Amino acid sequence: MLKQVEIFTDGSCLGNPGPGGYGAILRYKQTEKTFSAGFRLTTNNRMEMMAAIVALEALTTPCEVTLSTDSQYVRQGITTWIHNWKKRGWKTADKKPVKNVDLWQRLDLAIQRHTVKWEWVKGHAGHPENERCDVLARDAASNPTQDDVGYKPES
């Protein structure tokens, strides 16, 4: 039987684009681990994705994961849009390159060994873990230490 793990995530951006951060909580039974990091120039969507990626990549064995995010972009992207993007060679319906393809590919890889149930939670609505992740993400965004090397400003 697979370990049952809960992951809660949030991303933040002070300006969009601008300094950003992510926060994630990984919970297995009574044990919790938190993750956060800040980036000098990024977007809110990239930080939402990074939160999920980092937490999923921290899992060392296949797990049954319930991942809660307040990002419809992440949830819809990974459960619905990604299938056609892959069929089209990472292009959108109007033949444009998929934005944040580096992170979509990384997220796609990160979920392969797990059974993931994606849950959407309303942000800033008193969901305790989402609020904690929001604080982690905002604190990280306020003190960015890394460059988001995959971020490509739109020209």
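Every residue gets a Cβ built from N, Cα and C, even glycine.
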From the candidates Glu48, Glu154, give the one listed by Swiss-Prot for the same Mg(2+) 1 site as Asp10, Asp70.
Glu48
DSSP-derived class (H/G/I helix, E/B strand, else coil) of Asp70 (Mg(2+) 1 binding site):
coil
Candidates Asp10, Glu48, Asp70, Asp134: member of the binding-site residues with the richest Cβ shell (10 Å):
Asp10
